[in-house]
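Student: Look at TrEMBL and you will find Arg38, Lys45 tagged as site 'Transition state stabilizer'. According to TrEMBL, the site 'Positions MEP for the nucleophilic attack' annotation covers Arg184, Lys243.
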Amino acid sequence: MTENERANETAMNTMADDPKPQTVPVVAVVLAAGFGTRFDPDNPKQLVSVGGKPIVCWSIEAFERCARVSDIVVVVNSKVREEVESLIDQQGYGKVRVVIDGGAERVDSTAAALDTLAQAGIPGDAKILIHDAVRPFVAQSAIDGSIDALDQFKAATVAYASTDTVLLTQDLGDLKVVKSVPDRPNTFRAQTPQSFRFATIRKAYELAAQDPDFHPTDDTRVVVDYLPGEPVAIVSGAETNLKITTLEDIPTAERIAEQLEGFDPKEAARARMHALLAQAAGQMR
Ligand SMILES: Nc1ccn([C@@H]2O[C@H](COP(=O)(O)OP(=O)(O)OP(=O)(O)O)[C@@H](O)[C@H]2O)c(=O)n1
Ligand SMILES: C[C@](O)(CO)[C@H](O)COP(=O)(O)O
């Protein structure tokens, strides 16, 4: 077993054989309110199709397919709301309870979802799984592993062991210099879902809200920084749990979709070309 495999092996894996039925709500929060500034602001990446399916649909369906997820909350912005709501209706995603507006930053969108859950009277022991909509290929094992992890912990995050040595840096004038080099077995790349008992993540966010200069890039850090005594379990992620961030990620995503669905991007391109030619021929008659 390689070092990377060992590191991932020590991460919590799902008990795929016999997932335990859940006695509390298991709510997936699908964060789709971003503006895709590193992608194409005029082409919202959460609506781009890979493998013939919009990215946001891949993510919602991953939680629809997991029998232990009871409810889904989708967080959008004004640019994508209409299309996302239309897709939910067309596809009949029965677990989606509400589509809410997010905020300026990812952390604001999570906060909006937590407020919605609080107003809905969600119990403090509910399991909340917060997922980037632009990680379309999240594995069922990661979702099940997150649900299971919350039986032993109050917080857990899907993460993937780093195969590179990680450098922690500090500023030296205009430069970055290395501050420390953590042992490789203890370095993981955070992914999603990031999962919490509702009371835990709610408390962490309440504490964080008092610091207007706190701009975390994920939810795990809110717990790590504001509930430092609360362990956050690592749940085994995957290289394929790709976050689609820039246009360069699309070919990789198409390849993953092909692997997962036997989707042939060349065949899809041929089909699209034939459709366009047929349309053009029709217009010439
Ligand atoms: N205010 C925000 C920002 C991000 N997200 C969501 O959080 C996930 C990860 O964010 P990221 O990849 O950074 O998406 P964007 O913020 O859209 O990208 P960028 O930072 O390039 O603008 C995405 O599913 C995105 O839709 C969100 O719901 N609300
Ligand atoms: C939550 C996350 O996906 C963990 O790696 C990441 O922090 C999101 O970052 P982004 O800048 O919002 O894409």
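Cβ atoms here come from the backbone N, Cα and C positions, even for glycine.
Automatic, uncurated: that is what TrEMBL annotation is.
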Student: Lys45 (site 'Transition state stabilizer') to Arg38 (site 'Transition state stabilizer'): how many Å between their Cα atoms?
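Tutor: Rounded to the nearest whole number, the Cα-Cα distance is 10 Å.
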Student: Taking the Cα atoms as reference points, how far is Arg184 (site 'Positions MEP for the nucleophilic attack') from Lys243 (site 'Positions MEP for the nucleophilic attack') in Å?
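Tutor: About 22 Å separate the Cα atoms of these two residues.
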Student: When a 10 Å sphere is centred on the Cβ of Lys45 (site 'Transition state stabilizer'), how many other Cβ atoms does it contain?
Tutor: 27
Student: Determine the recorded sites, out of Arg38, Lys45, Arg184, Lys243, lying near ligand 2 in the sense that the CB is under 6 Å from one of its atoms, and give them in sequence order.
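Tutor: The recorded sites passing the 6 Å Cβ test are Lys243.
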Student: What's the number of neighbouring CB atoms sitting within 10 A of the CB on Lys243 (site 'Positions MEP for the nucleophilic attack')?
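Tutor: That number is 14.
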Student: Count the Cβ atoms, other than its own, that fall within 10 Å of the Cβ of Arg184 (site 'Positions MEP for the nucleophilic attack'), considering every protein chain shown.
Tutor: 15
